[in-house]
Ligand SMILES: CC(C)(COP(=O)(O)OP(=O)(O)OC[C@H]1O[C@@H](n2cnc3c(N)ncnc32)[C@H](O)[C@@H]1OP(=O)(O)O)[C@@H](O)C(=O)NCCC(=O)NCCSC(=O)C[C@@](O)(CC(=O)O)C(=O)O
Ligand SMILES: [Mg+2]
């Protein structure tokens, strides 16, 4: 059975450092679609146990008001990741984000430990989803295998900081250094029918640059973006939520295709634009997104 939350709306996925109780206590007030409770790079090496302890109690005790709770575990080359999974699953997390994923076997290894934790902590088998972050040239080249590695895999995310380090370049703010990775990963995700998320934008003083970055990945076809700060949420939601104009056009396309099909007409125009059956799924996707985003008022 496909997990009911596998395709949920994930426009914004906000990182929170589990080392900082002030950040993890009430992030739901900012209304991101998902939050990523981080045990990996934001947490200092000698604070890993304390961060994991805070994570467990936060998951157990705080009502996050429906915001998805994803936990980024430490890398599989560390001594921390198994304990991270145990604490996250015992606490009640919705998904595990694997950092620096390079092979489909990485996902399967994590899946085994998740299943062990689900059994031990009396959670239904298959209830915890997985997302894989691709942070290296090797990870990007293996994107399709990773996307097809597990039924639990909700999607993949690009991690630009580590990826550009591996590529021997750096984040420029123009996106030029990320072009190949973004495109490759997105094509792999679409081929495997899983979601695809872009990397964080770290310059909080450049909101115009951030907006352009989000516009670019939205046009490319991504499902959403990892973010680091509440000030980035509204911009992402504005760009990823269908506008009224888009919704009205999508409704016309769906209704006209249904109507013309009955009349035996295959190609016609809507508002001056050529339409045929190839446009149906895209229009339905706009409507589904509008519904999931809470802005749909129509009758489809
Ligand atoms: C950057 C900064 C320190 C700035 O803080 P500032 O305090 O100056 O910000 P302000 O805007 O002034 O905050 C206004 C109010 O919002 C609160 N507030 C801020 N941020 C909040 C938040 N995230 N969640 C909830 N609340 C928040 C704040 O507490 C304040 O609350 P209040 O005092 O009550 O008014 C802060 O944002 C922050 O820590 N971000 C997360 C950083 C992080 O986790 N990095 C690791 C993940 S990336 C990575 O690892 C690289 C990667 O792996 C990526 C990949 O995988 O994609 C790769 O390879 O590329
Ligand atoms: Mg990273």
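Residue 1 is the first one shown; counting continues down the chain.
Each Cβ is built from the backbone N, Cα and C atoms, and glycine gets one as well.
Feature annotation from TrEMBL assigns domain 'HpcH/HpaI aldolase/citrate lyase' to 11-230.
The feature substrate binding site is assigned by TrEMBL to 72, 135. According to its DSSP assignment, residue 135 (substrate binding site) is coil.
Counting only residues at least six positions away in the same chain, the Cβ atoms of 99, 100, 101, 158, 159, 161, 162, 163, 166 sit under 8 Å from the Cβ of residue 135 (substrate binding site). Annotated Mg(2+) binding site per TrEMBL: 135, 162, in sequence order.
On the 0 to 100 pLDDT scale, the model's mean across the domain 'HpcH/HpaI aldolase/citrate lyase' (11-230) is 98.
Each of the binding-site residues 72, 162 was ranked by the number of other C-beta atoms within 10 Å, and first place falls to 72.
With respect to ligand 2, the binding-site residues 72, 135, 162 contribute 135, 162 as residues with a C-beta closer than 6 angstroms to one of its atoms, given in sequence order.
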